[in-house]
Amino acid sequence: MKIGIIGAMEEEVTLLRDKIDNRQTITLGGCEIYTGQLNGTEVALLKSGIGKVAAALGATLLLEHSKPDVIINTGSAGGLASTLKVGDIVVSDEARYHDADVTAFGYEYGQLPGCPAGFKADDKLIAAAESCIRELNLNAVRGLIVSGDAFINGSVGLAKIRHNFPDAVAVEMEATAIAHVCYNFNVPFVVVRAISDVADQQSHLSFDEFLAVAAKQSTLMVETLVQKLAHG
């Protein structure tokens, strides 16, 4: 099995990259792909860049170049669920765009023409992630993750997301674009991210302060998940 891993930022991939043995690096379309073995398992780690277009481009390049069997999207996220705090884990059961609106033509809010309203994560990957969470004794929430090209740092944007997606547990800027590409390629995916901030008017301050905490936690989760997927 070859496992694809996608993170947007240098801070979100550096700890995993340093753990890859026999590492080789290739740059495609402004994205960096690192291939090798993570604890003996073949992996391809992509640093995509921030935002939906960068994430979709990166996911496509990773799937075409490295041909992984599954995709894990890692990194940080803003917490929406009331039980979440910095360092906690969110696992997707579905991903949706929070900034797409074609409702004038009868689509659900967040749905694009020709696409489902949401992109479902793979049940086996979800189960494996939840098993890792239990083993590591981490606080985690599973649910809807929403994505858009905005860092949510104010009451207006937050209120809009809560209104349109009351069940959303986290918000970030890449996951749904990655899920969209995986849907088109028919490749299983799951989003496993750590909370860097609670989406509110001070979230930019929290993000800067706690990104390293989120990166450490998400790296731990992904490393454990890769082992579980490789060895059952």
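Just so you know, glycine gets a Cβ as well, placed from its N, Cα and C.
Source: prediction; values computed, not measured.
For the substrate site, Swiss-Prot records GLY78, MET173, GLU174, and the single candidate of ILE33, ILE133, ILE145, ILE152 listed with them is ILE152.
Same-chain residues that are not part of GLY78, ILE152, MET173, GLU174 yet have a Cβ within 8 Å of the Cβ center of the substrate site turn out to be ALA77, SER147, GLY148, ALA150, PHE151, VAL171, GLU172. The most densely surrounded of the recorded positions GLU12, GLU174, ASP197, judged by C-beta neighbours within 10 angstroms, is GLU174. Across the fold, the C-alpha of ASP197 (active site, proton donor) and the C-alpha of GLY78 (substrate binding site) stand 5 Å from each other. Annotated pair GLY78 (substrate binding site) and GLU12 (active site, proton acceptor), C-alpha to C-alpha distance, rounded: 14 Å.
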